[in-house]
Amino acid sequence: MVHLTGEEKAAVTALWGKVNVDEVGGEALGRLLVVYPWTQRFFESFGDLSSPDAVMNNPKVKAHGKKVLGAFSDGLAHLDNLKGTFAQLSELHCDKLHVDPENFRLLGNVLVCVLAHHFGKEFTPQVQAAYQKVVAGVANALAHKYH
């Protein structure tokens, strides 16, 4: 559960309505793989990840980034029940994929950076603070199965 004020929730919802999930999802996942290259081990089937350009232009990275942000969108619609919303994804990433849960926090922080880049002055410190709460809540929910 993420505790947002009414103002924070409105800010998150308003900005998210302007997000191009295809573009932002691919950029966020791509940046995660470039900035934290050890995360690439979970995506060996994606083909060429040999350079930043290869990662950022990889169609499988872009497609999976879109899928990731689709799940994030679901979370935004269920902020009062993030653990329930992400229960199956938590189980998948824990039991089958063996993803280090720290990676969820890293991806959340990268997403915040990408949103700041895309929205500039509109991504005020107050909006960032609200999004930091949301990505922390989502990361916690995704890591729930690990506890």
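Cβ atoms are placed via backbone N, Cα and C, with glycine included.
Copied over from Swiss-Prot, here are the features:
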MOD_RES   VAL2  N-acetylvaline
DOMAIN    3-147  domain 'Globin'
MOD_RES   THR13  phosphothreonine
MOD_RES   SER45  phosphoserine
MOD_RES   LYS60  N6-acetyllysine
BINDING   HIS64, HIS93  heme b binding site
MOD_RES   LYS83  N6-acetyllysine
MOD_RES   CYS94  S-nitrosocysteine
MOD_RES   LYS145  N6-acetyllysine
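Residues of the domain 'Globin' (3-147) grouped by DSSP class, helix first, strand second and coil last, total 119 helix, 0 strand, 26 coil.
Counting every protein chain shown, the number of other Cβ atoms lying within 10 Å of the Cβ of the residue listed as 'N-acetylvaline' is 21.
Candidates VAL2, THR13, SER45, LYS83, CYS94 (modified residues) were compared with LYS60 (N6-acetyllysine); those inside 10 Å Cα-Cα are SER45. For the modified residues THR13, SER45, the largest tally of other C-beta atoms within 10 A is found at THR13. LYS83 (N6-acetyllysine) is surrounded by 16 other CB atoms, counting those within 10 A of its CB over all protein chains shown.
Ranking the modified residues VAL2, THR13, LYS83, CYS94 by the distance of their Cα atoms from the Cα of the residue listed as 'phosphoserine' places CYS94 first.
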